[in-house]
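According to Swiss-Prot, the features are:
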type	residues	note
COMPBIAS	1-23	compositional bias 'Low complexity'
DISULFID	C46-C77	disulfide bond
DISULFID	C56-C67	disulfide bond
REGION	1-31	region 'Disordered'
MOTIF	67-77	motif 'Cx9C motif 2'
Amino acid sequence: MASQSSQADQQQQQQQQSSQSQQPNAWEKAERKFANKNASEYYDPCQDFADRSLKCMKRNAFDKEMCGDYFQAYRDCKKQWLTQKKFS
């Protein structure tokens, strides 16, 4: 009787392993999705300029006039990036 239960346990483990190998886990799905996406969907090359703009705003009590150069640098970067994307 013990051999029957151990055989049943082994069969159950094999079924679980085969079903796990057939279905990729969530991490593998996400990894594949990320790898197949365009760079623009996850990466903004102008994010550094955006971060600097926000830091300037915080430093200057959210006075937009004090951070105009940062905003312009971000707009220029974004414009250049979108133009480059359009032609590639």
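Glycine is no exception: its Cβ is also placed from the backbone N, Cα and C atoms.
In the predicted model, residues of the motif 'Cx9C motif 2' (67-77) average a pLDDT of 96.
The Cβ neighbour count for C67 (disulfide bond), using a 10 Å radius over every protein chain in view, is 21. Every protein chain considered, the tally of other Cβ atoms within 10 Å of the Cβ of C77 (disulfide bond) stands at 17. For the motif 'Cx9C motif 2' (67-77), the number of residues in each DSSP class (helix H, G, I; strand E, B; coil) is 11 helix, 0 strand, 0 coil.
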